[in-house]
There are 2 protein chains.
Amino acid sequence: MLKLSSSQPDFAERLKALLAFETAQDPAVDAAVASICADVHHRGDAALVEYTNRFDRMQAQSMADLTLSRAQLEAAWQRLPAEVRDALSAAAERVRRYHEKQLAHSWSYEDEDGTLLGQQVTPLDRVGIYVPGGKAAYPSSVLMNALPAKVAGVAEIIMVVPTPGGERNDLVLAAAYIAGVDKVFTCGGAQAVAALAYGTETIPQVDKITGPGNAYVAAAKRRVFGVVGIDMVAGPSEILVICDGDTDPDWVAMDLFSQAEHDEIAQAILLCPSSDYIARVEASIAKLLPAMPRRAIIEASLGNRGALIQVRDLAEACEIANYIAPEHLELSVAEPDALLPQLRHAGAIFMGRFTSESLGDYCAGPNHVLPTSRTARFASPLGVYDFQKRSSLIRVSQAGAQKLGRIASLLAHGEGLTAHARAAELRLDGGAEPQS
Amino acid sequence: MLKLSSSQPDFAERLKALLAFETAQDPAVDAAVASICADVHHRGDAALVEYTNRFDRMQAQSMADLTLSRAQLEAAWQRLPAEVRDALSAAAERVRRYHEKQLAHSWSYEDEDGTLLGQQVTPLDRVGIYVPGGKAAYPSSVLMNALPAKVAGVAEIIMVVPTPGGERNDLVLAAAYIAGVDKVFTCGGAQAVAALAYGTETIPQVDKITGPGNAYVAAAKRRVFGVVGIDMVAGPSEILVICDGDTDPDWVAMDLFSQAEHDEIAQAILLCPSSDYIARVEASIAKLLPAMPRRAIIEASLGNRGALIQVRDLAEACEIANYIAPEHLELSVAEPDALLPQLRHAGAIFMGRFTSESLGDYCAGPNHVLPTSRTARFASPLGVYDFQKRSSLIRVSQAGAQKLGRIASLLAHGEGLTAHARAAELRLDGGAEPQS
């Protein structure tokens, strides 16, 4: 595992190299996705069934074979052990309660002329949730995508989830059940994204698509962006741990593992002022790694993209964190609140030694769909605000039209837009034409 | 101009055809943009200067020739007539005041275990504003893009504006001056978007790019999305007027013109229950059109994409408006407030006979950068919220870690993520391992 120190003269370059990740869009993937999207757009269900049979080794005759009813979701829920049902329910309840705090409300005010200005906030009508299938099928992701939409008041939630070889995941379907998903179709890939974006005979067109997926799904989301809304194009997952050197090193080692076990290209980095503590974390890594079922993935991830970095102090650690703008930022320090004002960019901040990232992944309440690859510089966690939108409200009084009309007329003539100016001037008392 | 009635048996199809707009991405544009973006990414300033000289008929020797200082912006401001300066100031002040209502603030709460949950809201560090040059150079757009960023607390605003043939627009530069833009570079096209996204020796990398542009600019924004944030990919501008038949028909005709004069592909549609009133608007159009300086554009726009549609009643008009999800929606009716609860999708709603769309374009206060092409189904006006982002805050108490740890452990094992489970279990009192 790479070891760096911020005092090295080439530290900035080495940090940049560590974070570098080839996000270039593969032209071959793009071309395949363009063709799949166009085909589903024009041939609808027939194309969707064909691609699903081909890519997911299915033998569907029609969309009926790719459609799950609420009753089938409920049956999956009932098949789960009671303790798992309880855990899912408890997680859903906490996630729902947290997201209720994010609800935006319509607002307006009147100015001195009686002119009303404001915004009307409304939910999206219908959203599509993409849930990956196979080994990366995560019921927690179903909750994290569906519940904010539900809290926002979205009337209909459509989920797509591929079932390669026909294998269905009860946990995923049960999560869809308690999250209130309305319809589930067992398809995935670019073809499922296109079906949601354009609609088919069976799948209704949605207004926005959220949820992670592979390179084909990401390329398809980018392509249909504008026809529908999309959440973000997710990169590999990352954690940055800032530790003051007083947390049990086993805890920090396991937190790094919990990121690394996602994927060979996941990234786990530790920042700490103490070289002695870094050595203790290294020892914990060596001790704990052999027992991990996903040992090979963890080893590859830590070896390729992980790092233990010695910093001057916690203030410098915060500066580096702002540059990295990590998806997950753990403040494993005595006084995490004191660091908050220095932190500008992070998807989620896990404060204090007891706050392992994994608690946030499942059940603390906040969303686990977070901006990756430095996009926390400009993007936010998935939230209720992603499922609401705003319409400006403007109701100009007759008095207001006199004052605003003169300003608008002048500026419109300045832009050479005479009809804009005349529309304002016609509302002036007497329909005067001050400028033309 | 097309006339329709909602009682025609094929009305739904005809409406769909009226709204249809080919948004397919042109592969030739995409390929050119890919190559320009890669070149600017790798060669920086040198490539940017070359493309600017080639596409904008400039003779710049270096970026110094494409850089405007704050002093040059101020000089442009001083050259304007006093009444124009006053109008710009008044507009800026109203826009600023409105947007201040949109500021989001950090929030948090503690649950019964002393676990803290919330979101920290922070501004973006640096944003780039794209302002079109040439005939579509609009100072109002500078205000509408820069002021929300300023209100959000963005530390640095970089503007790019092409100056084809070297021609600079004092109004645009003056607007940049009073809006508080920090740096202006006179370049445009895909090359300017790439420079803002990747940074060059002279142009600092920004975190988000907003502002409208041509097909090359739109393709470039789509391409760099993810490296930086973008606002939206704008389509042609649209207005939908719902009138009860009691507004001066000249006013409504001029409101339709004010949209149509933007562009041959702009769209202006009237919905009204009275065929008699529709005939009067037609007469007003015929009467007023000859005097319009942009008559040819207006005629093309109304002829190609405009429509006068007779509806059953205002309730049906609202239903049709929700389907169209127009950028601009005028409620030219006696009681606009009564229609509001029936309206779900619109960029901005102009309420009452005195509220011409042009007042909103310039100075009412709300933003004139609005979702087009039915994207108001999922998107909002540009606002302060586009220049703020959120970091989740999670501080789990020791008591909370006991309760949450058991839930997380169960769910993590269910997903096969053992390190996630172990990270939670290590925080249980005594570091128990309930699951493994």
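Glycine too: its Cβ is placed from the backbone N, Cα and C atoms.
TrEMBL annotations: computationally assigned, not manually curated.
Features of the protein shown, as given by TrEMBL:
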| type | residues | note |
| --- | --- | --- |
| BINDING | B:Y130, B:Q191, B:N214 | NAD(+) binding site |
| BINDING | B:S237, B:Q259, B:H262, B:H328, B:D361, B:E415, B:H420 | substrate binding site |
| BINDING | B:Q259, B:H262, B:D361, B:H420 | Zn(2+) binding site |
| ACT_SITE | B:E327 | active site, proton acceptor |
| ACT_SITE | B:H328 | active site, proton acceptor |
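Cα to Cα, B:E327 (active site, proton acceptor) and B:S237 (substrate binding site) are separated by 7 Å.
If you measure from the Cα atom of B:D361 (substrate binding site) to that of B:N214 (NAD(+) binding site), you get 20 Å. Of all Cα pairs drawn from B:Y130, B:Q191, B:N214, which the record names as binding NAD(+), the longest spans 13 Å. Listed in sequence order, the residues B:P132, B:V160, B:P162, B:G188, B:G189, B:A190, B:A192, B:V193, B:G213, B:Y216, B:V217, B:A220 complete the 8 Å Cβ shell around the NAD(+) site centroid, once B:Y130, B:Q191, B:N214 themselves are left out.
Rounded to the nearest whole angstrom, the C-alpha distance between B:H328 (substrate binding site) and B:N214 (NAD(+) binding site) is 21. B:Y130 (NAD(+) binding site) sits 44 Å from B:H420 (substrate binding site), taking the C-alpha atoms as the reference points. A distance below 8 A between C-beta atoms marks B:E415 as the binding-site residues from B:N214, B:S237, B:E415 lying next to chain A. B:S237 (substrate binding site) sits 13 Å from B:N214 (NAD(+) binding site), taking the Cα positions as reference. B:H420 (substrate binding site) counts 29 other C-beta atoms within 10 Å of its own C-beta, drawing on all protein chains shown. Ranked by Cα separation from B:N214 (NAD(+) binding site), the binding-site residues B:Q259, B:H262, B:E415, B:H420 are led by B:H262.
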